[in-house]
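Colleague: Heads up, here are the entries from TrEMBL:
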ACT_SITE  D26  active site, nucleophile
ACT_SITE  D28  active site, proton donor
BINDING   D26, D28, D248  Mg(2+) binding site
BINDING   S59, N60, N61, K223  substrate binding site
Amino acid sequence: MSEPVKLTDASAYESFLDKYDTFLIDCDGVIWHGNNVLPNLREALSVLRKKGKKLLFVSNNSAKSRKGYLKKFKKLNIEIHDGEIFGSAYASAYYIKNVLKFPKEKKVYVVGDVGIIEELESEGIRYAGANEDSNFDTSNWDFANIKQDPEVGAVLCGFDIHVNYLKYAKAFTYLNSNPECLFFLTNDDPTFPANGTIYPGGGAIAAPLITALGRKPDGIFGKPNKPMLDCIIQHLNLNPERTCMIGDRLDTDILFGINGGLGTLFVLTGVNKEQDILAMDARIIPDYYMASLGDISVLDK
């Protein structure tokens with residue numbers, strides 16, 4: 001396996017950019033940490049736009065819909081255009097409706113945040129759970145209160161800041177009592193970067209369900225899994241050989257690019273570090289890596 005090429009100067013940046021027409025860019029750990037834009041990122045993105053590159057911001061964070069991400073980009077004063085955001089919540093809703101042809105008379109039970117709800121609504125998919133089960137009154141708790149909705153035909157689990165036992169119990173009951181009920185994850189990231197550290201991610205939210213059921217999900221829609229790339233290619237008609245995935249996480253972003261036959265650029269501003277790709281036993285090796293995507297701002301003339 002060949003060693004990755006480290007990009008360290010303007011000449012190397014120019015040569016790298018010349019190889020690709022389209023860049024798929026992760027958000028958390030590449031563009032920002034929480035609500036803090038990383039240094040020189042706005043200028044770096046401006047360089048890509050001036051060179052005529054097509055940009056698509058691809059995030060596994062299901063807490064926000066495309067509409068929610070659009071608000072965040074604008075709040076952080078980052079240039080963004082319609083059709084440039086593709087999150088795991090949207091990939092999930094799109095795939096469930098358009099690829100799996102989920103029956104219109106069925107509902108999806110959601111363990112997740114508003115981003116999933118907004119994207120299911122955008123695709124006309126009926127749902128239950130989510131916000132309606134967020135206010136969990138433990139003082140009146142009784143297992144007899146767990147009622148099953150016969151219209152639920154799938155469970156979709158993603159990042160949920162309001163996750164609680166009621167949601168887990170309902171999701172488990174649907175899946176455990178009905179072998180035909182489908183089990184989906186928006187993504188399976190164990191952690192995500194924010195505020196200079198990492199926190200439990202969507203995969204950690206789903207772990208109790210997987211453990212209790214003793215069952216793997218029927219589908220995982222976010223990076224590095226194929227459904228998200230299928231949706232992106234269908235939307236943009238991409239040429240994989242002229243497309244590069246940029247990310248900070250090896251087992252999601254970079255593996256996503258490798259699995260899809262894309263070029264890959266790993267940045268050192270998020271979860272994984274340089275030693276993770278240079279170690280003798282490294283399993284996931286990008287084509288290129290650099291300290292920060294913001295470094296290409298030196299090309300802004």
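In case you wondered, yes, glycine gets a Cβ from its N, Cα and C as well.
These figures come from a predicted structure and were not determined experimentally.
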Colleague: Would you list, in sequence order, the recorded positions among D26, D28, N60, N61 whose CA lies within 10 Å of the CA of D248 (Mg(2+) binding site)?
Modeller: D26, D28
Colleague: Give me the non-local Cβ neighbours of D26 (active site, nucleophile): same chain, 6+ apart in sequence, Cβ-Cβ under 8 Å, ordered along the sequence.
Modeller: F57, V58, S59, N60, K223, M245, I246, G247, D248, R249, T252, D253, G270
Colleague: If one measures from the C-alpha of N61 (substrate binding site) to the C-alpha of D28 (active site, proton donor), what distance in angstrom results, rounded to a whole number?
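Modeller: So the Cα of D28 (active site, proton donor) lies 8 Å away from that of N61 (substrate binding site).
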Colleague: May I have the list of same-chain residues other than D26, D28, D248 whose Cβ is within 8 Å of the Cβ centroid of the recorded Mg(2+) site, in sequence order?
Modeller: C27, G29, V30, I31, S59, F192, P193, G247, R249, D253, V267, T269, G270, V271
Colleague: Give me the sequence-ordered set of same-chain residues, not including S59, N60, N61, K223, with a C-beta within 8 angstroms of the centroid of the substrate site's C-beta atoms.
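Modeller: So the additional residues around the site are D26, C27, D28, V58, S62, G87, S88, N187, D189, G222, T252.
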Colleague: What residue among the binding-site residues S59, N60, N61 has the most other CB atoms lying within 10 A of its CB?
Modeller: N60
Colleague: Would you mind listing, in sequence order, the residues at least six apart from the residue listed as 'active site, proton donor' in the same chain with a Cβ closer than 8 Å to its Cβ?
Modeller: S59, N61, F192, P193, A194, D248, G270
